[in-house]
Ligand SMILES: NC(=O)C1=CN([C@@H]2O[C@H](COP(=O)(O)OP(=O)(O)OC[C@H]3O[C@@H](n4cnc5c(N)ncnc54)[C@H](O)[C@@H]3O)[C@@H](O)[C@H]2O)C=CC1
Ligand SMILES: O=C(O)C1=N[C@H](C(=O)O)C[C@H](O)C1
């Protein structure tokens, strides 16, 4: 069996370490390198608490992709680093599967163009949990009937970007269905700045950050005399792993960049 050779960037992090455990469970995947901030030259198995992989650790993506033969780069790092890693991987002809959130729309456009120009498959998904993808799709559908909507996303307090990539993607999907609309009272004023959250085309997004949370979102629709709430909770990072595996399987057959797991689901 030809195994898919995978590099995991951010392998020491909350998501990256879970991705290593996912790779360990799949016979068709092989970890060929780990990329993170330190321990260059050591082996992944030397780091306590991580699976027993013989793969070498790198801190520089160029060095890593020159040294190892890789098919796929999984990136689970930070917005700035994730963007650079994705761009570099495409330039080396290595297919990126990116969970890192916080990319700007300009960066997404640039990466999309680069992948197309080089004919390299790539997947960028703000949320790999199947339930979250369904929440976003159901929200898009509901927006057809309920144009008044507010998004509340709740995450652990170590998260760097706000609003979450999932909330931004949800708003983008709703925008495809809903006419631009300024919500609330036309004379509404914030007596404390930020009280009404972020404004995306008249929709409001509220970001909660607390210890104890993992990743949660409610999309609340309001109509005359009724409310509809569509809610998703990730209680464990294992929830994202089947989406990463699905993306690896698909990216091997792609020659363009796909943004959003919904575009890979049947
Ligand atoms: N798409 C999805 O389904 C999900 C996406 N995420 C996103 O994944 C990203 C990572 O999240 P967490 O694992 O919670 O963060 P984390 O902080 O636990 O892990 C980030 C890892 O990246 C490493 N890193 C930072 N700078 C680096 C550099 N210059 N070179 C190499 N490695 C570097 C850190 O050392 C750390 O190991 C975030 O952007 C988050 O929003 C998180 C959960 C689900
Ligand atoms: O940082 C996280 O934890 C998560 N990030 C992604 C996002 O920004 O939407 C996905 C999920 O919500 C967890």
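Here the Cβ of each residue, glycine as well, is placed from N, Cα and C on the backbone.
What TrEMBL says about this one:
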type: DOMAIN; residues: 4-128; note: domain 'Dihydrodipicolinate reductase N-terminal'
type: BINDING; residues: 10, 11, 12, 13, 14, 15, 38, 99, 100, 101, 125, 126, 127, 128; note: NAD(+) binding site
type: ACT_SITE; residues: 155; note: active site, proton donor/acceptor
type: ACT_SITE; residues: 159; note: active site, proton donor
type: COMPBIAS; residues: 176-191; note: compositional bias 'Basic and acidic residues'
type: REGION; residues: 176-198; note: region 'Disordered'
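The binding-site residues near ligand 2, defined by a Cβ under 6 Å from one of its atoms, do not include any of 10, 12, 14, 38, 100.
Here the recorded positions are 12, 14, 155, 159, and the one with the most other Cβ atoms within 10 Å of its Cβ is 155. Across the range of the domain 'Dihydrodipicolinate reductase N-terminal' (4-128), the DSSP-based residue counts are 49 helix, 28 strand, 48 coil. Same-chain residues lying 6+ beyond the ends of the compositional bias 'Basic and acidic residues' (176-191) with a Cβ under 8 Å from its Cβ atoms: 140-141, 143-144, 147-150, 201-204. For residue 125 (NAD(+) binding site), the Cβ neighbour count at a 10 Å cut-off comes to 27, with all displayed protein chains included.
The DSSP breakdown of the compositional bias 'Basic and acidic residues' (176-191) into helical (H, G, I), extended (E, B) and coil residues amounts to 2 helix, 0 strand, 14 coil. Proximity to ligand 1 at the level of Cβ atoms, with a cut-off under 6 angstroms, picks out 12, 14, 100, 125 from the recorded positions 12, 14, 100, 125, 155. A gap of 19 Å separates the Cα atoms of residue 10 (NAD(+) binding site) and residue 155 (active site, proton donor/acceptor). DSSP classifies residue 155 (active site, proton donor/acceptor) as strand under the three-state reduction.
The record assigns 10, 11, 12, 13, 14, 15, 38, 99, 100, 101, 125, 126, 127, 128 to the NAD(+) site; their largest pairwise CA distance measures 27 Å.
Confidence in the domain 'Dihydrodipicolinate reductase N-terminal' (4-128), given as mean pLDDT, stands at 98.
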